[in-house]
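Record features, source TrEMBL:
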- 1113-1133: compositional bias 'Basic and acidic residues' (COMPBIAS)
- 1195-1209: compositional bias 'Polar residues' (COMPBIAS)
- 35-124: domain 'Ig-like' (DOMAIN)
- 128-223: domain 'Ig-like' (DOMAIN)
- 235-326: domain 'Ig-like' (DOMAIN)
- 331-417: domain 'Ig-like' (DOMAIN)
- 423-510: domain 'Ig-like' (DOMAIN)
- 515-607: domain 'Ig-like' (DOMAIN)
- 614-709: domain 'Fibronectin type-III' (DOMAIN)
- 714-807: domain 'Fibronectin type-III' (DOMAIN)
- 812-914: domain 'Fibronectin type-III' (DOMAIN)
- 918-1015: domain 'Fibronectin type-III' (DOMAIN)
- 693-717: region 'Disordered' (REGION)
- 1012-1041: region 'Disordered' (REGION)
- 1113-1144: region 'Disordered' (REGION)
- 1190-1209: region 'Disordered' (REGION)
- 1-24: signal peptide (SIGNAL)
- 1083-1104: transmembrane segment (TRANSMEM)
Amino acid sequence: MERPPGANGAVLSLLSLLLHLASASDIPLSVQQVPTITKQSKEQVAFPFDEYFQIECEAKGNPEPRFTWTKDGKPFDFSDPRIIASNNSGTFRIPNEGQIAHFQGKYRCFASNKLGVAMSEEIEFIVPNVPKFPKEKIEPLEVEEGDPLVLPCNPPMGLPPLHIYWMNIELQHIQQSERVSMSQAGDLYFANVEEHDSRNDYCCFAAFPRLRTIVQKMPMKLTVNSSNSIKQRKPSLLLPPAAKGPKSEVTVLRGDTLVLECFAEGLPTPQVAWGKVGGDLPEGSDMEDNYGKTLKIENVSFQDKGTYHCMASNFHGVATHDFYVTVEEPPYWTKKPQSGVYSTGASGILLCEAKGEPTPVIRWRVNGVPIEENPFAGDVVSPGEVSFTNLQPNHTAVYQCEASNAHGTILANANVDVVDVRPLIETEDEESYAAVTGASAFLRCKFFASPPALVSWQKADAARPLEGPRYHVHENGTLQVLEATAEDAGAYSCWVENAQGKTAVTASLDIRNATKLQVSPRDPRIPRSHTLELHCESQCDPQLKPSLRLTWSKGGAAFETNGTGDGRILIDGARLTISNLSLEDQGVYTCSAHTALDSAANGTRVTVLDVPDPPENLRLSERQNRSVRLTWDAGDSHNSNISEYLVEFEGSREEQGRWEALATVPGEETTALLPLAPYVRYRFRVIAANEVGRSRPSRPSEHHATPPAAPDKNPQNIRVQASQPKEMVIKWEPLKPLEQNGPGLEYRVAWKPLGAPGEWEEETVREHSLRVMTSAVYAPYEVQVQALNHLGAGPEPQSVVLHSGEDYPDAAPVVHGVDVVNSTLAKVTWSSVPKDRVHGRLKGYQINWWKTKSLADGRTLPKEVSVLRFPGQRSSGMLPALDAFSEFHLTVLAFNAKGAGPESEPYVFQTPEGVPEQPAFLKVIKVDKDTATLAWGPPGKLNGHLTGYLLQYQIINDTEEIGELNDVHITAPAKASWRLSNLNATTKYKFYVRACTSPGCGKPVTEEAATLGEGSRGVGKLPEGVNATEQAQPPEVPEPGAEHEVRLLPKNWAGNNSIFEDVIEARGREYAGLYDDIATQGWFIGLMGAIAVLTLVLLTICFVKRNRGGKYSVKDKEDLHPDPDVQSGKDETFGDYSDSDEKPLKGSLRSLARDLPATESADSLVPYGEGDHGLFSEDGSFIGAYAGSKEKGSVESNGSSTATFPLRA
């Protein structure tokens, strides 16, 4: 049928419109339709190690398709019992059992029903043979040295790829080189043989990796005969062989790899070069393989076609070959026919275009049969299209378009379904949808209709379809509501209508709040190596909260859920922490939130600050004798502006590598005019600084040397060092190397007496000191020091006044008197030594004094001199810390820098009486319900005649309040004990005893004790922790001169069942007359008996328990008074205490010791000491128990003792 010009375009436009309306979705399977192949196999290889081989073909259609196969263009019978067919598809399996070679071929699947036939592309089933080298006898090869040689491999055919190796029988590779190389075909080429090429085991191995097979050719023997007349020759080509002539043609497919080979023989070994006629070799050409004998071009394109030139050359000539390369291509689609659904009376067109090289041939089929054999009435067929008009239901069919050339065939199926059906809505009715405010909401209404249908949406409470720019209905029926708001929530209905009828579904829409994010801090600037912490604050609709998921990314690359494995980057939900920041960590960090309905993101730019990079490219210009200009290029500032540059120099001739600061330059400048010193060979470097810190130093500049000059300055700090009388040792600070200005540095020293009109004496020295003899002691001189070098002298020097050496003073002061201020302080006055008798600069006066005797007992003391110096010119001084009531001698002398002069005549003075020191100790030796007996020791220093003691006491108990202080004046100095009466029962007291002389009383010694209750006997202070049942009588004060021993035997089983015995000996100390009123009492005799009985009982119990393996329990005591030191002692020494049943009788202990302070330890022996708890440094579990009691009360005291006997260690 003839078509008017332009009709093609009209038909295409109409077809496009019809398809737009009719194909709102794929045709449902509930509607009758032609078969469509949905799955098919590609090339299938029957590997011998597979269990079976499956060839697939699946299709859909209504009615359900039937499947048939062809093999090599002929029908293939499924009834073969060796194949297993699948139900409801065309797929079948070929078990790998026995011979399957007869199944090799090209298969095609056909799926058909009453409406049409779909066909698959050809599926090639390959049954590879096991490759083998033929069994053959290879004759030995014998050649002359220098001859060319080719060892053929001729590998067997097999499934590619093929890899070839040349090895010996020991599987060692044959070494290849420019002289010996292997071609792609596997042959081994020798450009010229050498004698060492001789061997009898040249083996060619062919490997087929897909078949997991390697085969070996029989070994070849090669003998190279040496020759004395090896002739060199020009090259000739071995590959391509000479038989092909100077040119050959090569065809390669586009996208493949082109490999050209050029192997030549000759002597010396030829070199191979490649080129392209009329142009350059393609970019990426590889000539590295086979030492330049192979040209490889990967991913070949049509631009790579042309003539390639190979040239082999040596000293004697060249050999060439040209390769004419053509590039071809298998067919590929440019326009592929598309399936369509049409209504009765419609028109359509199928387009089919393909390209390739050579140009593909297009062939049409209908239902698998060539179209010319079964044409439809009204079809217009041309190579590139099939058009039809006035379609009827019986025109339903499957069209196939096939494009083929020499390199392959491609096939496309296009369904033509002629259907008239009422709209079918595939979306479920009453679907619920949700969206967030500000985003688009989508309500689906997927449908199929033929002829074409119209879709409209309306809200449940509106009578008219939705209209306006915010509503858009897509081709597939979906309604899009743009920028949804809360008012858009509600019920909706979708209506689909065509000529066959009308259908509707309903849906509901819920609008929720959008998710919002804020990352903080905003755009932080963090120094390198610091820690960055970012927080992501989110606001989310409550109904979306369960689905909220936060993620972090940097520059679009997401982090792992928990950060990095090394722990440097940690992610904890909304918090991102990066430690030890580096410059690579800077960038944009984004927090993303994802919910079931929406997503949000917010980012912040992190800037990492670092010290600048070192300045670069240092340059010197404007070179002058005393200056030079230094210029440099700034390095990277690493996000922090450079604030300044520090210019350093290296110029010391003695200390190479020592850099010193020279100048500071503002950060915006990169040049500086530097002041220089003469006679220095400079190098400079620059350091950049910003807010983070300083850069590494730049590379040093070139050297710059300044010429020498006379010194610019003279030495400083001219002085005289300590010297002998009538001499001066003059010293000064030498000039630094940079101050010397030239070679030959010396110093000119000039001097003369101060005010003398005569000439200057002078001397020139190299050192920085000079010794000068003078005529007088400590005489003033004018001194000058001037610097010199080979180029001249420094500036005119300034004079300084120095003195010659000092001598000892030769006169003594006269002591005018001593004013005794108090018993420990005296003021001494003396006359000054005349200035001319000092013989130097007076530094001060010195007082020497010593105590000659004590006025208390009149004893003369050995001379022990004390010294006190008073600086400067003065005539009096105070002597502190003197002993009271003593006689002293003193002398006074003057001293200067040289030393001290003669002493004055001794002066005698005495100090008056003072208050005594505190008594040596205070003990409460007996307590009763209303009385207490105290004993004390005399003070160490009486500081006068002892007049008596002041005894004071007050109630303290265990409260914050204290009672009134009561005084008892004891006027008998020899009295060393006192019995207080009329005390309150069951009351704690604090006692103070002071020793007194005529001037007054000294500091007190204190002690605390408690009176007993009604009905209790008087006892001494009991050692806590000792069971009262083990005491016949409480311990009392022993007679003077007597001594007793208390032996404690605590037993504590350690891990090795050893017994620790802690023996503490305490012996009484005798004080004459101290216990006159005690030793005569009856209870003292009872005490001695009690101690004997107690000792015997303790020894008996210990002996019994040791034999029984028992343990002396201390644990209960320590449970009552826990102490960390005790616990530490246990842990380190004893281990845990045994919790045996052998425990003290706690009730008995408390009945006897209830008046003792609760804080004191019941098993301590410290109360038997003299206030020095350090005497009892015990080990183990007793350490914590031997702590002293705390003092209470307000009366001043700097010493105390416990309330029982003084014992001698």
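Quick reminder: no glycine exception, Cβ is built from N, Cα and C everywhere.
Per-residue confidence over the domain 'Ig-like' (331-417) averages out at a pLDDT of 92. The recorded stretches the domain 'Ig-like' (35-124) and the domain 'Ig-like' (331-417) share 3+ CB pairs below 8 A when only pairs 6 or more apart in sequence are counted, and are therefore in contact. Helix, strand and coil counts from DSSP across the domain 'Ig-like' (423-510) read 3 helix, 47 strand, 38 coil. Per-class residue totals from DSSP over the region 'Disordered' (693-717), listed helix then strand then coil: 0 helix, 5 strand, 20 coil. Here the domain 'Ig-like' (235-326) has, by DSSP, the following mix of helix, strand and coil residues: 10 helix, 52 strand, 30 coil.
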